[in-house]
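Visitor: Pasting the feature list from TrEMBL:
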- 26-43: transmembrane segment (TRANSMEM)
- 101-121: transmembrane segment (TRANSMEM)
- 133-154: transmembrane segment (TRANSMEM)
- 166-184: transmembrane segment (TRANSMEM)
- 216-239: transmembrane segment (TRANSMEM)
Amino acid sequence: MACVPGFSLNCERKNFSSPYMSEQNYVRFRAIWALIFVVHGLYDQYTSIFIDEPSQSIWYYFYLTHQSRLVQSLGQLTEWMCARSFFKGEIPLAWISKTTMFCFVVGQPISLLVAVGYWLMVWSDLEDGKHDVTYYTVYNHGINGLLLFISFMISRMPYSCSNGGWVILAGILYLGFSLMQFLFRWGSFEPCEGYEDQRDCPIYEQFDWHKPLRTALFAFIAVAIGFVVILLYSGLAALRNCCTSGQTASGEVAELQKEDMEDIHNVTEPLNKPDKAAATAWPLRVSREV
């Protein structure tokens, strides 16, 4: 069966739960994950823009690493909001649940591509000692991806070809953004090799539109890799669902037991209640017999 990427955003209640924990504990887990992503994101933005490299300014948001982390942080926050609403017996707003699914579908594979692509690009500089590795370097290109993978495997969030089209669309939009950066000469906040004017500097050397044929080739490869990661995460989701198909969270077991007891109560309650008509008629029958 062919895998045709679609744009589905399935927002069923079961998506915002886990087979390994109760709904209450899952809400707590989602809160911890949201806190980790939001705090790391805010701190990195503050230190990068206002302390370490004030000249970076708006260019901070040009990089795919930072754009993807914004998507990831937003997704973790809204996923906690949805899980909390369902736990309280409420229905989350449609735009919140749709945003959660979009961020999940896009953020998961992009985190993997960002991590792999980054270390491949800087590996030679690391060997030559030209590139420093800090905690945030590892977090932005590894730790956050690992946290997302853990979240993926313990949740019930669906992933298949039917919603993988958002990944392809996100990749095409970023390629379009890099082209706009070239056409409008937005450049970079720091000098780059090969160009005297910083306004001609590309975001990434691999997507330098001054060299259209090479950039077009890299763009084609990037889109092709997008299809590969869709298949990868679809397979991981199928494997996860297969391993947890017979499992039910402890909270769900308790809820099912509660429903069963209510059903039994509803069935047996009429049997336990005295028949008022019979109780009233019994003394009359006795008096007549006497």
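Along the chain as shown, the residues are counted starting at 1.
Every residue, even glycine, has its Cβ placed from backbone N, Cα and C.
Keep in mind the model is a prediction, meaning the values are calculated, not measured.
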Visitor: Do we see three or more Cβ pairs under 8 Å linking the transmembrane segment (216-239) and the transmembrane segment (101-121), pairs being at least 6 apart in sequence?
Guide: yes
Visitor: Give me the stretch from 26-43, 101-121, 166-184 with the greatest number of Cβ pairs under 8 Å to the transmembrane segment (133-154).
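Guide: Comparing 26-43, 101-121, 166-184: 101-121 has the most Cβ pairs near the transmembrane segment (133-154).
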Visitor: Same chain, outside the transmembrane segment (26-43) by at least 6, Cβ under 8 Å from its Cβ: which residues?
Guide: 16-18, 69-70, 72-73, 76-77, 79-80, 83-84, 87, 136, 139, 144, 147, 151, 154, 249, 251
